[in-house]
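K.L.:
As listed in Swiss-Prot for this protein:
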ACT_SITE  2  active site, proton acceptor
BINDING   33, 98  substrate binding site
């Protein structure tokens, strides 16, 4: 059930559906989860300042049932930051990503929980 949400001031029209699809594949591979469970939501065109300027910036979170935490997050961070920098042009020092390990009982899906 990995869910990646990311808000950025990069204009929405500069964020392609192909970028969302490649983000989905990246996350599935990083976490070893079936891509059929991965959800990606990128909120472009947001009013965001970072460090007092409105230069390209963003912040987000990756929620998952397992696969995140501790040293794993260093590797996840490196891969996600490179992907976001390459795809959206946001420098690594103008982003934050929170990694959240969810409990199955706290995640609803298809009328039940995991």
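Residue 1 is the first one shown; counting continues down the chain.
Just so you know, glycine gets a Cβ as well, placed from its N, Cα and C.
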K.L.:
I'm trying to understand the geometry here, so how far is the Cα atom of residue 33 (substrate binding site) from the Cα atom of the residue listed as 'active site, proton acceptor', in Å to the nearest whole number?
P.N.:
8
K.L.:
Between the Cα atoms of the residue listed as 'active site, proton acceptor' and residue 98 (substrate binding site), what distance do you get, rounded to the nearest Å?
P.N.:
13
K.L.:
If one looks at the chain holding residue 98 (substrate binding site), which residues at least 6 apart in sequence have a CB under 8 angstroms from its CB?
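P.N.:
Long-range Cβ contacts: 60, 61, 62.
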K.L.:
I'd like the number of other C-beta atoms within 10 A of the C-beta of residue 33 (substrate binding site), please.
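P.N.:
The answer is 17.
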K.L.:
Which of the three DSSP states, helix, strand or coil, fits residue 33 (substrate binding site)?
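P.N.:
SS state of residue 33 (substrate binding site) = coil.
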